[in-house]
Amino acid sequence: MRSAEAAAPVALSELMERAGQSLAEAALRFAGPVPALLLCGPGNNGGDGFVAARYLHQREVEVRVAALGEAQTDLARAARAAWGGAIEPIEDAAPAPLVIDCLFGTGLKRGLEDAVSERLSGLVKSAQWAVAADLPSGVEADSGGLLSQVPAFDLTVSFGALKPAHRLMPAMARMGRVVLADIGITADGPWFEIGEPALPPVAPDAHKYSRGLVHCLTGEMPGAMALAASAAARSGAGYVRVSTSAPIAGLPRSVVQVGDAPLADPRIGCLLVGPGLGKLPQLLTLALTSHRPKVIDAEAIGHVGDPARLKGQDAVITPHSGEFATLFGELPGSKAEQALAAAAASGAVVVYKGADTLVAAPDGRLGFAPPAPAWLATAGTGDVLAGMIAALRARGMPAFEAACAGVWLHGRAAERAGPYMIADDLLEWL
Ligand SMILES: NC(=O)C1=CN([C@@H]2O[C@H](COP(=O)(O)OP(=O)(O)OC[C@H]3O[C@@H](n4cnc5c(N)ncnc54)[C@H](O)[C@@H]3O)[C@@H](O)[C@H]2O)[C@@H](O)CC1
Ligand SMILES: Nc1ncnc2c1ncn2[C@@H]1O[C@H](COP(=O)(O)OP(=O)(O)O)[C@@H](O)[C@H]1O
């Protein structure tokens, strides 16, 4: 973000003007012309607040401004002077129906003082609408951590680009709706928000093998693999084959159940191992003898042991936090940094699941999932995701793109399936 700012073709004062105007417009559209209280901090986040106050006043909204100390940057000082209206000390500020938090943004270095964070929380709780400028004050921009108590906002207006905290827990749960205001700069980092994927078209001369063969290795709990294999079949694979020692109930009839099959079969577009595997590490070892692309999920992740075993395997791994810790131990840094370190250590694309799923590639690319419904937190949804990614991989998408596409489609399917869905229902919405 800071490098984007430095490279921006427009003056910083103009960026602040645009940020403040966007904030005012977004708050007005969201809350309507109700009396507003802007809380302005000492840095440029506070400067955005003074600009927004000026715009709201021009739009005939009743505005009050409360400041935390004096402005500390030239830009903020200029914005404060241009406001020209009264400024109350934050300790004395009375509540208002609309509270706009411009205390701190990306420059926050430590938690807010207790008295300030309590004041902020009190004003936010008593407001009808609470809006945060760029980031709620107390949120650490890069990690998504909370440096002090952060109340729940209804709307967060991010300037120029989303920051990691907009997509990482616990911060993302405090932001309400997040909107991105275009202020004329673009992010230039290696990370991005995963968007709707462009899926490979079905070629006019396609046949079932060219559309992608997913081969699944079943373990001790065939139900989990039934979910994963069904998801692969519903995600456009031309052929889904399950090797199993006993017939699995509940699989679509189009999914072929076999005994042993050679894993070196060049028609295999993706091998899937893990869902329902149980205590059968030998099946992972078998999968790793194949040179075909693979998705490694669930218990199979725990059987890897040394992440370096995955080097050269062309693998996507899909751990939740417990499986991640089993394979990689306690890594330092934010969830994003941990996922990137894990991808580098294993050479695999890492789908680090949870309420804030992200996808990391060994080359440093990092995709943050858009928010998905919390009702995905139900048994078997991870199996469905693994099957979806395996199908997309078999259809020819590269590992990172297939993982990102699977995550995006999974979240949207859950939205359509509704709050009382079970993992089986998700299959109907792929
Ligand atoms: N990056 C960009 O391109 C743009 C940024 N803008 C705004 O500028 C913000 C960043 O501005 P700044 O870098 O000035 O940072 P902030 O406004 O977030 O605050 C930083 C200031 O607060 C002090 N500080 C940090 N933590 C504190 C604490 N706990 N208690 C007391 N003081 C503390 C710092 O020493 C510094 O003086 C963004 O979040 C955004 O709102 C916009 O003006 C538009 C353009
Ligand atoms: N609170 C949540 N909000 C959004 N998605 C969630 C939440 N909790 C879990 N998920 C998603 O649900 C899926 C659960 O997968 P996993 O933990 O492997 O479950 P299982 O092993 O039972 O299939 C993952 O895709 C994860 O990202």
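Yeah, the Cβs are placed from backbone N, Cα and C, and that goes for glycine too.
Within the same chain, residues at least 6 positions away in sequence whose Cβ sits under 8 Å from that of Ala224 ((6S)-NADPHX binding site) are Pro275, Gly276, Ala298, Gly380, Asp383. Taken from TrEMBL, the feature (6S)-NADPHX binding site covers Ala224, Gly276, His320, Asp383.
Annotated AMP binding site per TrEMBL: Lys353, Gly354, Ala355, Asp356, Thr357, Gly382, in sequence order. Taking Cβ-Cβ distances under 8 Å and a sequence gap of 6 or more within the same chain, the neighbours of Gly382 (AMP binding site) are Pro275, Asp297, Ala298, Thr318, His320, Lys353.
If you look up TrEMBL, you'll see 1-191 marked as domain 'YjeF N-terminal'.
Residues annotated as domain 'YjeF C-terminal' in TrEMBL: 191-430.
Within the group of binding-site residues (Asp356, Asp383), the Cβ with the highest number of other Cβ atoms inside 10 Å belongs to Asp383. Restricting the average to the domain 'YjeF C-terminal' (191-430) gives a pLDDT of 96.
For Gly354 (AMP binding site), applying a Cβ distance below 8 Å and a minimum sequence separation of six or more within one chain yields Met169, His320, Ser321, Lys335. Taking the centroid of the Cβ atoms of Lys353, Gly354, Ala355, Asp356, Thr357, Gly382 as the AMP site, the other same-chain residues with Cβ within 8 Å of it are His320, Tyr352, Ala369, Ala372, Leu376. Here the Cβ of Thr357 (AMP binding site) has 27 other Cβ atoms within 10 Å, regardless of which shown protein chain they belong to. Across Ala224, Gly276, His320, Asp383, which the record gives as binding (6S)-NADPHX, the greatest C-alpha separation is 16 Å. Checking the binding-site residues Ala224, Gly276, Asp356, Gly382, Asp383 for a CB within less than 6 Å of any atom of ligand 2 leaves Gly382, Asp383, listed in sequence order.
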